[in-house]
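**Student:** First the structure, which I've put down as structure tokens, then a few questions once you've had a look.
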Amino acid sequence: MKVVFVIFFFFLFQFCISVDTIMRRQSLRDGEVILSAGKRFAFGFFSLGDSELRYVGIWYAQISQQTIVWVANRDHPINDTSGMVKFSNRGNLSVYASDNETELIWSTNVSDSMLEPTLVATLSDLGNLVLFDPVTGRSFWESFDHPTDTFLPFMRLGFTRKDGLDRSLTSWKSHGDPGSGDLILRMERRGFPQLILYKGVTPWWRMGSWTGHRWSGVPEMPIGYIFNNSFVNNEDEVSFTYGVTDASVITRTMVNETGTMHRFTWIARDKRWNDFWSVPKEQCDNYAHCGPNGYCDSPSSKTFECTCLPGFEPKFPRHWFLRDSSGGCTKKKRASICSEKDGFVKLKRMKIPDTSDASVDMNITLKECKQRCLKNCSCVAYASAYHESKRGAIGCLKWHGGMLDARTYLNSGQDFYIRVDKEELARWNRNGLSGKRRVLLILISLIAAVMLLTVILFCVVRERRKSNRHRSSSANFAPVPFDFDESFRFEQDKARNRELPLFDLNTIVAATNNFSSQNKLGAGGFGPVYKGVLQNRMEIAVKRLSRNSGQGMEEFKNEVKLISKLQHRNLVRILGCCVELEEKMLVYEYLPNKSLDYFIFHEEQRAELDWPKRMEIVRGIARGILYLHQDSRLRIIHRDLKASNILLDSEMIPKISDFGMARIFGGNQMEGCTSRVVGTFGYMAPEYAMEGQFSIKSDVYSFGVLMLEIITGKKNSAFHEESSNLVGHIWDLWENGEATEIIDNLMDQETYDEREVMKCIQIGLLCVQENASDRVDMSSVVIMLGHNATNLPNPKHPAFTSARRRGGENGACLKGQTGISVNDVTFSDIQGR
């Protein structure tokens, strides 16, 4: 019965035709291709450039730019288009120069005794060509075990200990010749495993040893989120692989014929490959750049990047003086060889030396490692084997001879301990103490200077206040009630913060034509905004606090200090401020296209915004918020994101403005609590509006509302349908599969892809979910907007579409009643903006 079953499947697979599979009796001729099941990869014949030579390989099927990831006959091209791919009589997948099968070009070369008569060749969606038996499911050969120059996700680099399989990358000869080049990236078999890029037989660049999360020579290698790195070192194999958690992300790593290694990601919007990271990129990356027992210190070097390790001196001082480091360093002549008083100097942020000759013990601690090194006179240095593992620093690496290819990094690397005698140890300790004394002396001097400057400023401000009482203003305006004690404290703050440029009141009056009504651009929550022109013809916008402004000195100082410290393409740029004669004013760059609400909430102007422009505005706002939340020196929560606070320059680039209510978070602080709720009805997250609780997810909520308003051209709080607001209406349509009905009908349908708009609506709904923990963060939003992501999570019920109970566990944040206006205005405790 078993024999009949095998024969049945044998004949079935001979005559079954599949787009991703070559059957035993089928052939693939030049001009024909097979596609993987998801049509991500193609396998067939190809040529490069204007060449007539034909190769058989694998490439991306959905990318317009030809990108080859694997070549079968890389060193044996076919001269014309008469080639053919088919199974040989003995069962190997083979490439022939012609259909008469007389000239064999390439073969999978599996032992005949292993092959089965039911073999097929299948191309997977990972880009892996697999020779396997569909009856037993056994795999006999796969292209992932024989890579060329490209390292794809879920491929493995390394070697197996039993059968000797070596998976390494070999560069092309040139851009137009995929033949085997000189550059080879392989896993070292000697010592502690590491990846080294060779040029011929000479080490060119060292990827380093595994740290527990990444390779020591690639500090920019990402950890987690989209990319997952994995390293295996056991009795069967030593290998490295990486995967992607988002199937829409297309990425590859390759060895270039020029001697560099690159990680590329595909940017579908721009139809191009983005260079995610590349190495080597500086002198310190070159293998053994500073010779034996030297290390490269490029980040802190002003003249020569090479330094001898502690206890060593240049082997050839004259060459070293002439910036020739090839001779490296040797042990200092007077240094004792082995003594009970030996110690270790710790070097921080190091790429540890080549581990080919290092000994390793993964079962001892770093403290035990130090003791063992001291007891062994041949031990010259030690370090943790995995310093970034989930269990912390584990394992012990020891060096017993010359140390090659060490360097420092600015914000990465690990601790490296060099053995020195007692004299050298005392010298390093003295240098460390003298450095601390210098820092202490500098701090004392700075404090004294600040105190002296404060006293001087106190005298200057007091004299200015006296003179101001007797001086009348040339401007005809109504002054705002103002606390002079606050003004004085602001003057003190100016002395401590040199990033606050100051404008003279007369300069502002002249620039705005005495605050002429013709120069008035509009009025915000804290007062009118005027256009001005300085004497150098520079156009400015002046925000002048009105008499009824709820913004006090703290909010005023907050906005000035925050914006002066922030620099980003999508944040409004402050030019300075003016605090004089009871006036408080902010001076900004002038943006001619006003604010976003002028465009999206007015039919005539909204018609000018096609889909590409709206998407660029959305992406710009997202990048600006991400900068505030994650990439700036300060973690900042804006708390008042809305359409009127998004300004547009002459090129319609969005700029986030109005930081009066922003809050600074500490590096590890995730959320805050306030008894004074400020913001704009319709844009505030529920936990903030009702409980006084705010976090970066509060801004995410506001962004989601703003994004949905941009897509629909409708205002959230002014939307009157059966649902309570625009968000609720969109949710109802989304639930019923009718969300396309809400797309702004003023947009030309030819300018947008309906699937992309639906994706953006889904992202907006992911931002406005009721529970803050369910909302995506801004880094995820930026990635979703930048990639053709298709597997987005399903949004949960948004906020403010049904009754929500106020208070709860964190309701104590609000100690007083919060006034809320149904109009689209910002509000505070008891008064509207």
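Our numbering is plain: 1 for the first residue shown, then up by one each step along the chain.
Glycine is no exception: its Cβ is also placed from the backbone N, Cα and C atoms.
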**Student:** Let me make sure I read this right: Swiss-Prot says CYS296 forms a disulphide bond with another cysteine. Which one, out of CYS284, CYS308?
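**Tutor:** Between CYS296 and one of CYS284, CYS308, Swiss-Prot records a disulfide, namely with CYS284.
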**Student:** Need the cross-check against Swiss-Prot: the disulphide partner of CYS306, picked from CYS290, CYS329.
**Tutor:** CYS290
**Student:** Between ASN100, ASN593, which does Swiss-Prot record as N-linked glycosylation site?
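**Tutor:** Swiss-Prot annotates N-linked glycosylation site at ASN100; the rest carry no such entry.
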**Student:** Just choose from CYS379, CYS396 the cysteine that Swiss-Prot connects to CYS373 via a disulfide.
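**Tutor:** As annotated by Swiss-Prot, the paired cysteine is CYS379.
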**Student:** Can you check which of 334-351, 478-495, 604-621 Swiss-Prot lists as region 'CaM-binding'?
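**Tutor:** Region 'CaM-binding', as annotated by Swiss-Prot, spans 604-621.
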**Student:** In whole Å, note down how far the CA of ASN256 (N-linked glycosylation site) lies from the CA of ASN363 (N-linked glycosylation site).
**Tutor:** 38
**Student:** Tell me which residues of the chain lie with their Cβ under 8 angstroms from that of CYS329 (disulfide bond), as long as they are six or more apart in sequence?
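**Tutor:** When sequence neighbours closer than 6 are ignored, CYS329 (disulfide bond) has CYS290, GLY291, PRO292, ASN293, GLY294, CYS308, LEU309, PHE312, GLU313, PRO314, LYS315 within Cβ distance under 8 Å.
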**Student:** Relative to the Cβ of CYS306 (disulfide bond), which residues of the same chain, six or more apart in sequence, are found under 8 Å away?
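**Tutor:** When sequence neighbours closer than 6 are ignored, CYS306 (disulfide bond) has HIS289, CYS290, GLY291, GLY294, TYR295, CYS296, ASP297, TRP320, SER325 within Cβ distance under 8 Å.
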**Student:** By the DSSP assignment reduced to helix, strand and coil, which category contains ASN100 (N-linked glycosylation site)?
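**Tutor:** Reduced to three states, the DSSP call for ASN100 (N-linked glycosylation site) is coil.
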**Student:** Look at the glycosylation sites ASN79, ASN256 and tell me which residue has the greatest number of other C-beta atoms within 10 angstroms of its C-beta.
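**Tutor:** Per the Cβ count, the most surrounded site is ASN256.
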**Student:** C-alpha of ASN228 (N-linked glycosylation site) to C-alpha of ASN256 (N-linked glycosylation site): distance in Å?
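**Tutor:** So the Cα of ASN256 (N-linked glycosylation site) lies 23 Å away from that of ASN228 (N-linked glycosylation site).
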**Student:** I'm trying to understand the geometry here, so how far is the Cα atom of ASN376 (N-linked glycosylation site) from the Cα atom of ASN109 (N-linked glycosylation site), in Å to the nearest whole number?
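**Tutor:** Distance (Cα to Cα, whole Å): 50 Å.
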**Student:** Relative to the Cα of CYS379 (disulfide bond), which of the recorded positions ASN79, ASN92, ASN100, CYS284, CYS369 has the closest Cα?
**Tutor:** CYS369
**Student:** Give me the count of other Cβ atoms within 10 A of the Cβ belonging to CYS284 (disulfide bond).
**Tutor:** 22
**Student:** Want to know which recorded positions, from ASN79, ASN92, ASN100, CYS284, are within 10 Å of CYS396 (disulfide bond) at Cα; which are they?
**Tutor:** none
